[in-house]
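Colleague: First the structure, which I've put down as structure tokens, then a few questions once you've had a look.
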Amino acid sequence: MFGFNDKVGKAFFNKAKHDELLVTSRFFTLQGEGPYRGHPAYFIRLAKCNLACSFCDTYFDSGEWRNFTSLLKEAEQVIDDFFKNRSLSTPPWAQGLAKKMVLVITGGEPSLQQNLSAFLEMAQAYFQSTQIESNGIAVLADLPKSTTLVVSPKCLEKEGNVIRYLKPNPKMLARADCLKFVISAPEDNQYAPYSDIPLWAHEWAKQMNKQIFISPMNIYQKEPQRVKVIRDEGRDLTMTERSEINEVISFWEPGLLDLKKNQRNHEYAAEYCMKYGFILNLQIHLYAGLP
């Protein structure tokens with residue numbers, strides 16, 4: 001797991017102002033997974049989570065409070081800077097209202113911040129699509145109908161040992177547009193429960209006639225080098241550093257990933273999808289050198 005990522009609950013955010021969110025990072029990229037995979041996307045990663053998954057490859061322990069208006073204004077600047085840094089003008093499709101991209105809210109665990117639904121109501125005018133990814137344990141009320149909810153169930157862990165899948169709240173399952181599971185080959189005893197998805201997920205897909213995405217678990221041998229350098233300095237990262245350094249993990253960085261285990265997990269995930277008719281879901285942004 002990258003970062004400390006201490007577990008918190010909804011109570012952590014009880015004193016939040018009605019128009020604020022605690023944000024770890026924000027960046028313009030391609031959506032690497034799920035129903036909008038491959039689409040241009042503006043990500044807002046919210047801080048804190050109610051789980052501490054040992055294989056988690058994201059940082060979300062630090063964050064800054066941002067009000068809704070500043071988040072949307074900042075999005076325009078981040079997108080403009082992306083093109084400016086490449087000596088390009090911002091194209092019309094990436095400007096103004098209804099930008100032809102998806103706004104993705106991820107974490108951490110976004111559903112812990114109950115202000116999120118109000119923000120999505122406000123933000124949906126600025127983006128062609130909106131999406132949130134959640135483990136589904138906590139209920140997020142009043143989610144806009146137009147927002148795609150991707151529920152990505154995870155397992156209970158105790159002292160680094162994976163015990164069993166945590167079934168999402170029934171209200172979140174009923175609202176979910178699709179499910180996304182991380183899969184590990186059964187040879188890895190540490191993650192044995194991740195070698196198969198639970199029966200209730202199969203039943204959900206059949207009853208709801210909705211999609212299930214399967215992601216092979218990536219196994220890391222070390223922390224990304226650029227992040228490690230800053231951590232070794234013993235200082236907190238700025239929002240910009242968290243967005244431009246923490247978020248860039250490259251499949252091509254020598255020695256970063258355990259290629260043998262990753263090959264095994266990728267091939268197992270592919271066979272699993274062929275067996276059950278699910279959709280193979282690769283983290284394509286890792287191959288593109290983008291956040």
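Placed from the backbone N, Cα and C atoms, the Cβ positions cover glycine too.
According to TrEMBL:
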- LEU30, GLN31, GLY32, ARG45, THR106, PRO291: substrate binding site (BINDING)
- CYS49, CYS53, CYS56: [4Fe-4S] cluster binding site (BINDING)
- PHE55, CYS56, ASP57, GLY108, SER152, PRO153, LYS154: S-adenosyl-L-methionine binding site (BINDING)
- THR58: Mg(2+) binding site (BINDING)
Colleague: Taking DSSP three-state, what's LEU30 (substrate binding site) in: helix, strand or coil?
Modeller: strand
Colleague: Please identify, among the binding-site residues LEU30, GLN31, GLY32, GLY108, PRO153, the one with the smallest Cα-Cα distance to CYS49 ([4Fe-4S] cluster binding site).
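Modeller: Spatially nearest to CYS49 ([4Fe-4S] cluster binding site) by Cα position is GLY108.
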Colleague: Using a 10 Å radius around each Cβ and all protein chains in view, which of these binding-site residues has the most neighbours: GLY32, GLY108, PRO153, PRO291?
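Modeller: Of the binding-site residues GLY32, GLY108, PRO153, PRO291, the highest Cβ count within 10 Å belongs to GLY108.
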Colleague: What are the non-local neighbours of SER152 (S-adenosyl-L-methionine binding site), defined as same-chain residues 6+ apart in sequence with CB under 8 A from its CB?
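Modeller: Listed in sequence order, they are GLU133, SER134, ASN135, GLY136, LEU179, LYS180, PHE181, VAL182.
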Colleague: Report the same-chain neighbours of GLN31 (substrate binding site): residues 6+ apart in sequence with Cβ closer than 8 Å to its Cβ, ordered by sequence.
Modeller: ARG37, GLY38, HIS39, PRO40, ALA41, VAL102, VAL104, GLN131, HIS285
Colleague: Could you round the CA separation between PRO291 (substrate binding site) and PRO153 (S-adenosyl-L-methionine binding site) to a whole angstrom and send it over?
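Modeller: Distance (Cα to Cα, whole Å): 23 Å.
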Colleague: Checking the spread of the substrate site as listed (LEU30, GLN31, GLY32, ARG45, THR106, PRO291): what is the longest Cα-Cα distance, in whole Å?
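Modeller: Farthest-apart Cα atoms in LEU30, GLN31, GLY32, ARG45, THR106, PRO291 are separated by 14 Å.
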Colleague: Got a sec? Which of these binding-site residues, LEU30, CYS49, has the most Cβ atoms within 10 Å?
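Modeller: When each Cβ's neighbours within 10 Å are tallied, CYS49 leads.
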